[in-house]
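Let me begin by presenting the structure, written as structure tokens, before commenting on it.
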Amino acid sequence: MWQLVFLTLSCDLAVATAHSGSRKGMDIAAGKKQYQVQHGACSYTFLLPETDHCRSPSSAYVPNAVQRDAPLDYDDSVQRLQVLENIMENNTQWLMKLENYIQDNMKKEMVEIQQNAVQNQTAVMIEIGTNLLNQTAEQTRKLTDVEAQVLNQTTRLELQLLEHSLSTNKLEKQILDQTSEISKLQDKNSFLEKKVLDMEDKHIVQLRSIKEEKDQLQVLVSKQNSIIEELEKQLVTATVNNSVLQKQQHDLMETVNNLLTLMSTSNPSYSLLAKDEQIIFRDCGEAFKSGLTTSGVYTLTFPNSTEEIKAYCDMETGGGGWTVIQRREDGSVDFQRTWKEYKVGFGNPSGEHWLGNEFVSQVTGQKRYVLKIHLRDWEGNEAYSLYDHFYLSNEELNYRIHLKGLTGTAGKISSISQPGNDFSTKDADNDKCICKCSQMLTGGWWFDACGPSNLNGMYYPQRQNTNKFNGIKWYYWKGSGYSLKATTMMIRPADF
């Protein structure tokens, strides 16, 4: 007979999973048989005793029958197996009923458990959902703030990007403009380089030509120096002869005066003629006022002296009374003279000449004089410069020129530099240049640092009078390279 010793019921509930089915097994543990039933998530385990002491009533009990070495009778074994089969069948039916009962009861419990679990799960899920909603709302708010910050930052970055883009476009435009300008400058530089090379070639040719002209001029200057030395010798001889002639003239004048004195005792008309011959003129203004109104050569005397000088008087221009102190008209007289020659004068008073610095200095030192410079170019144009006050210092001050009050048509600016400059000649360099202007520009003049004028320069004929540095020039009328055709310098008392 089987006895139920131990029954173990275990049920494990898992909400998340559900499994249906049954499993039966037989295990042997500690001398007992184990019977397990699986239904869904529940597991039922039964421990049954061994069947060693179960025997039929007709059989005698034999302890430890299983362990005996002698075999049982065949019939007895069959009976026992049949009994065991019956017992197993009964147990199986009983277990099936028990299983059905457990299943019926467990269904209700499972429904309740599942409902409770669902309710608990629902509450938990609602709570979790609420928390999630709250967290989501908080996260949404934070995301909104972050989004606003990101939007602001993005807007600011977009503005900066736009500004950078505009700056970049502006820089690109400037770079393009500069590139274009550089290209133009490169083209211009190439053109200038080519032009410079051409000019260098021309300059080399011109230098060669100038060198040849220089050699020719040096030869010509050497010849001219020889001629000048010869002329100086002749001039010295002529000066000596002139002194002799002046002495002879003086002796003749005394003889004539003696004769006139003797004749005046017998005829009064001769006495009147002698008085007329003894009239003395300091300048042409005095001669004009005395009734001599015809232009020509007159004899003038130095102030406070009996020394005489021949001068040309212009009695027609601007009311007359002009004493001509310089004239250039045809190039017949060489004006490249020494200091002494410019002091005493040279040339023909009726033609080209220089009256003399000493006479002009003494005359203009007595009272106020005006200076008029008349100019004529090769195209027939005429102009003049009139100075309201003019005088020359003495020889100790190198016949320094003084001018004031310029008017006229030969330029609004004086071509004779002011304040006064000293007079220079080829043998007396008194200019303000380290070079010798008189030798470079030829002629004697009131040079500054060579200056804007020289009316005593070299005379050049027509069609050879341009681009001449050493010609007869008056800068503020015709420029520095134009050599004039004719010039006249004349003085007259300011109170004439």
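Cβ from N, Cα, C; glycine included.
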From the list CYS284, CYS433, which cysteine is recorded by Swiss-Prot as disulfide-linked to CYS313?
CYS284
Going by Swiss-Prot, which one of CYS433, CYS450 is joined to CYS435 by a disulfide bond?
CYS433
Measure the Cβ-based neighbour count of ASP431 (Ca(2+) binding site), defined as the other Cβ atoms within 10 Å of its Cβ.
23
To the nearest Å, how far is the Cα of CYS450 (disulfide bond) from the Cα of CYS313 (disulfide bond)?
31
Which of these recorded positions has the least crowded Cβ, counting other Cβ atoms within 10 Å: CYS284, CYS313, CYS433?
CYS433
Return only the integer: C-alpha distance in Å from CYS433 (Ca(2+) binding site) to CYS313 (disulfide bond).
36
How far is it from CYS435 (Ca(2+) binding site) to CYS313 (disulfide bond), counting Cα to Cα, in Å?
37
Using DSSP reduced to three states, classify CYS284 (disulfide bond) as helix, strand or coil.
helix
